[in-house]
Amino acid sequence: MNLIKTNFTVTEFVLLGLSSQPTIRLILFIMLLFYLLTVVGNVIIILIIQIEPFLQTPMYFFLTNLSFLDICYTSTNVPQMLSNMVGKRTIHFSSCATQMFFSLSFGMTECVLLGVMAYDRYVAICHPLHYTLTMGQSTCIQLAAISWSSSFLSSMVINILTLSLPYCGPDVLNHLFCEVPSILRLACTDTSVTEMVVFIFSVIIVFIPFLLIVVSYARILLSVLRMRSASGRHKALSTCASHLTVVALFYGTAIFMYMRPQSKSSRAGGKIIAVFYTVVTPMLNPLIYSLRNQDVKGALRRAVVKQRT
């Protein structure tokens with residue numbers, strides 16, 4: 001910690017946000033109103049899964065983790081974005097470091113967790129007779145624990161390297177909140193080594209789970225095509241549709257932000273993408289799982305009926 005403080009000759013950063021783009025700033029303000037919907041929607045998903053006995057399966061165990069993760073992730077960044085909009089645009093470097101650590105940790109955890117969820121669907125569809133044994137309670141807990149712990153450790157390494165660089169000015173952060181790519185631009189020294197480390201961890205935590213997702217769904221597709229029953233094919237694909245939609249939304253933005261060379265990144269485009277994966281995607285996840293998943297829709301209907309009676 002002393003090393004970090006020594007290298008920081010600036011004590012706080014000034015977040016520019018989208019102040020120079022009033023139209024986009026208005027859109028951002030409207031999107032931030034969805035923060036409450038994000039929290040409420042994901043809390044409802046968690047509660048429904050907990051109170052419905054037939055949803056006590058590995059798939060919904062991981063969905064509970066995902067919903068809790070989305071609440072944590074959006075709550076890490078949205079309050080700072082709201083504060084920025086009402087006029088407080090400075091953030092102390094220790095607060096910036098804390099936000100950067102948790103934001104990256106939650107984002108990485110979601111990457112790994114989505115890979116685990118794809119593997120769960122692969123086992124359920126391609127090896128249904130071994131599903132209960134393969135995806136037992138202890139295995140699910142271990143997979144979830146690995147997703148969280150590996151991501152937090154990776155984020156710690158990246159943040160230590162990033163914060164160990166000298167920051168002697170400027171102190172203007174051209175972003176909506178503290179994030180590794182935008183912080184590295186302010187370093188007063190060559191950041192190529194740190195950027196390479198960030199890229200390597202991005203490959204490990206982002207790209208490898210993505211490959212697991214691709215391989216899992218390739219095997220699922222082959223298995224579905226071999227099914228003789230049309231209803232069986234429809235049921236198998238319907239259980240995967242929600243997860244695939246979430247994967248497309250999350251990975252599309254994550255790869256754009258963290259797996260492109262920094263020199264080629266569009267800062268304005270990066271801000272819009274940041275709004276999308278910080279505000280929009282966590283808000284859409286509960287809607288996707290409730291609208292496209294028959295089990296969750298049925299549980300929601302029963303919960304509403306119980307409240308009315």
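Including glycine, each Cβ sits where the backbone N, Cα and C put it.
Annotated domain 'G-protein coupled receptors family 1 profile' per TrEMBL: 41-289, in sequence order.
Sequence annotations record features per position, and here TrEMBL assigns transmembrane segment to 26-48 (among others).
For 60-80 (among others), the entry in TrEMBL reads transmembrane segment.
Long-range Cβ contacts of the transmembrane segment (100-119) within its own chain (Cβ-Cβ under 8 Å, at least 6 residues beyond either end) map to 59, 62-63, 65-66, 69-70, 72-73, 76-77, 143-144, 146-148, 150-152, 154-156, 158-159, 162, 177-180, 183, 201, 205-206, 208-210, 212-213, 216-217, 243, 246-247, 250-251, 254, 277. Positions annotated as transmembrane segment by TrEMBL: 100-119 (among others).
According to TrEMBL, the transmembrane segment annotation covers 140-161 (among others). Cβ atoms under 8 Å from those of the transmembrane segment (140-161) belong to residues 58, 61-62, 65, 97, 100-102, 104-106, 108-109, 111-113, 116, 180, 194, 197-198, 201, 204-205 of the same chain, restricted to positions at least 6 beyond its ends.
Non-local neighbours of the transmembrane segment (196-215) in the same chain are 108, 111-112, 114-116, 118-119, 150-151, 154, 157-158, 161-162, 180-181, 184, 247, 251, 254-255, 258-259; each lies 6+ residues outside the stretch with a CB under 8 Å from one of its CB atoms. The transmembrane segment annotation in TrEMBL covers 196-215 (among others).
Marked as transmembrane segment by TrEMBL: 236-259 (among others).
Marked as transmembrane segment by TrEMBL: 271-291 (among others).
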